[in-house]
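**Student:** Let me begin by handing over the structure; questions about it come next.
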Amino acid sequence: MGDWNLEIIFYILILVIILLLVYLLKNKNILVTIICSLLILQIIAAPKICIDGAISGALLFFYKVFPSLFSFLIVSNIILSYDGIYIYSKILGTALCKPLKLPKSCSFVLIISVLCGYPLGAKYACDLYEGNIIDLKTCERLLNIASNASPLFILGSVGISMLKSPLIGYILLLSNLLSCIAMGFIMPGKMTYKKNAPEKIHIYSNMNIGNVLKSSVENSIKTCLSIGGFVTAFSVINSILKNNYLFSTLMHKISNILHLSKDIVEGSFLGIIEMTNGCNLVSSSSASLFTKIAIVSFLFTFSGLSIICQVYSFTYKFDISMKKYILGKVFQGLTCSIISLLLYNICTFNFSKQTFTYNYSINANIENIFIATVLILVFPWLFFKIKNLLHLS
C-alpha cells in the first residue's frame, strides 16, 4: 500500500513538472533562469560529480575530438582560401550536387561533411551563405543534407568498439550516407538554370601563404575552443542526470511501462542530449542487437542537443530556422534506423555471424579489390576533368 501511494505521488510530481514546463516555455527568460539556477544548486550540492563530468568532457575533447578536428579545419580553411570551392565545383559539382538539387559550389561542403562529420558541414555551409555563394533556402537544405557523423566515429567507435562488429559498422555508415541522400530528395529544392548564359572567367586568388596559414590557424583554434566548450558543458549535464535520483526513478518507471531495459531507456534519453554517451550505454545494454542497431543509428544521425547547439553557434547570425533543422534531423534519424534494419536483415539473411568471423580476411580482400576497381574506373574521368579545369593541352 505504501509503495502504491509513493507511485501515485511520483506520477503527480511528474505531471506537475510537465505542466510547469509548458507554462514556462511561454517565457524563455524564466525557463532558462530556473534551469541554470537548478544547475548551480546541483553543482554546489555535488561538486565532485560536476568536476568529474567536466574532466571527462575535457579529456574526451582533447584526446578524441581535437587532434583530428583541428587538422581538418586548418587544411579545409587553406583549401577555401585558394579557391577550393570553385575547383571542387568544377570537378565534382555535377556528380554530387545535381542529383540533390544543390548548386555545384556545395560539393566541397558535402565532401567535408562525409569525411569529417559534425559540425563542419554546418560551419562551411554557413561560410558559403555568408560569402553570398548560396542563398538562404539552399543553406537550410544543405545544413540537413551535409550533416552526418564522421566515418571514424561510426566505424571505429560505434561499430568496432561498442557493437564489436566491423560488418555492423559498415552497415551503419552506409545507412547514414543513404539517409543524407534521402534528405536531398525529400526536402523541397529547385534548381534554376540560365540558358545561353556565357560562363564567367574565374580569376584565381593569389594570397600570401603566410597570411593564409595565420588566419586558418586562428579560425581553427576559435572553432575548436567553441566545440570543446559544448562537449564539456554537456558532459557535466549528463553526469548530473546520471547521478540524479529523480532522473533514475523516472527512467525506471518508463522502462517498466515500455517493457524495455533501463539501460536502453536511459541511453536513448542521454543520447538525445549527447550522442556518444548514449550510444555507449545502448550498445552495452542487454537488449537484442536488432534493438541496439535501431536506437544507435537514430542517435548518431539525430546527433543530439550537444551537436545541435554547436550547429547553432554557426547559424545564429543568420535567419535560419533551427526548428526546421531539428525536425529534419528527427526524420533523418528515423530514415537511418529503417535503412539500417533493412540492411542488417539482408546481411544476416545471407551470412551467419560465424561465416563472417571466419571469412573476415576474405571479405577484407574483396573490399580492397572493390575499392581499387572503383579508383581505376574513376581516375581517367577525374584526370579529364582536371585537365579541362586547368586548360592543359
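Every residue number used here counts from 1 along the chain in the order it is shown.
For all residues, glycine too, the Cβ spot is worked out from N, Cα and C.
From TrEMBL, here are the annotated features:
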type     : residues : note
TRANSMEM : 7-24     : transmembrane segment
TRANSMEM : 30-49    : transmembrane segment
TRANSMEM : 61-82    : transmembrane segment
TRANSMEM : 102-121  : transmembrane segment
TRANSMEM : 167-186  : transmembrane segment
TRANSMEM : 293-314  : transmembrane segment
TRANSMEM : 326-346  : transmembrane segment
TRANSMEM : 366-384  : transmembrane segment
**Student:** Between the transmembrane segment (61-82) and the transmembrane segment (102-121), are there three or more C-beta pairs closer than 8 Å, counting only pairs 6 or more apart along the chain?
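**Tutor:** Since 3 or more Cβ pairs under 8 Å link them, the transmembrane segment (61-82) and the transmembrane segment (102-121) do come into contact.
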**Student:** Are there residues at least 6 beyond the ends of the transmembrane segment (167-186) whose Cβ is under 8 Å from a Cβ of it, and what are they?
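**Tutor:** Non-local partners: 99-102, 113-114, 141, 144-149, 151, 154-156, 158-160, 289, 293, 296-297, 300-301, 328, 331-333, 335-336, 339-340, 343-344, 347, 351, 356.
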